[in-house]
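What TrEMBL annotates here:
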type     : residues : note
TRANSMEM : 20-44    : transmembrane segment
DOMAIN   : 37-286   : domain 'G-protein coupled receptors family 1 profile'
TRANSMEM : 56-74    : transmembrane segment
TRANSMEM : 94-116   : transmembrane segment
TRANSMEM : 136-158  : transmembrane segment
TRANSMEM : 193-217  : transmembrane segment
TRANSMEM : 238-256  : transmembrane segment
TRANSMEM : 268-288  : transmembrane segment
Amino acid sequence: NGTGVEEFILLGFPGTWHSQVSLVVVFALTYSLTVVGNACIIALVWMNSNLQTPMYFFLCNLSFLEIWYTTGIVPKAIGVMLGTSQTISFRVCILQLFFLLSLGSTECFLLSVMAYDRYLAICYPLRYSSLMNSVLSARLVLSSWLGGFLAVSLLAFLTSRLTFCGPDVINHFLCDIDSCLALSCSDTWPVELATFLVSIIVVVASCVVTLVSYIYIISSILRIQSAHGRKKAFSTCSAHLSVVTIWYGSTMFLYVKPSAQNSLDLNKLVNTFNTVVTPLLNPFIYTLRNKEVRQAL
């Protein structure tokens, strides 16, 4: 695989033992709430016939994704901070990077699909049930998952072909693309270019779809005569809009750049928010903003 390094050492976060234990408690609590919260969303939709619509079908897929997204990161991060599992083999490092980026790409696609769904629901309310049927919603979800994993396959392959001569210390609690590029002793320009192009295709393209959908959504809402009607229409997409704003803001900072020379410490902070906090916020945002979910609870 073109590497002289068999394993890496993850540094995690700097600080005393007490600060590490405090971070472990925060990570463990956040992870538990994330898994329970997203699992509850899936169970509610599964058991409540009123919630078995395309919008909540997409939400179930998003919750399922968030469970695996945070599971691939937080348990290992806790081991790193406790000092019991600071090493990670080269193969596992590449595998973690692949699943992290693939699930992140899938989330971008799913969020754009959910924006398109809200566009049809608000702009074409009378034709919505025929336009967004079960077959189309299943195809959109399948395309999101396949597209997310296929988009990152080449990037993960190119990263696995890099040469690592040492040092073998990663200043992070996970294997991300910037950390790997910083340690490589070979030419990283092809990987940086591939990362930038994949980011443009996945993040920017899906963000454009979401933005265009919301331009039409907002223009349709503003044409509604009654204040109650406008409030009701906006409430159906406010939760999704909140999640989109949080997700794309941090994701664009991390990946949509021509070079990997950003501060690794700053990347670590943003990655913490993106991989630990955001998966926790999603179920609570949808619970608080969606009347149907609150009633099901």
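Quick reminder: no glycine exception, Cβ is built from N, Cα and C everywhere.
Three or more CB pairs closer than 8 A are found between the transmembrane segment (193-217) and the transmembrane segment (94-116), so contact between the two stretches is assigned (pairs 6 or more residues apart).
Residues 12-13, 51, 59-60, 63-64, 66-67, 70-71, 74-75, 77-78, 81-83, 276-277, 279-280, 282-284, 286-287, 293, 296-297 of the same chain lie 6 or more positions beyond the ends of the transmembrane segment (20-44) yet place their CB under 8 Å from a CB of it. Looking at the domain 'G-protein coupled receptors family 1 profile' (37-286) alone, the prediction's average pLDDT is 84.
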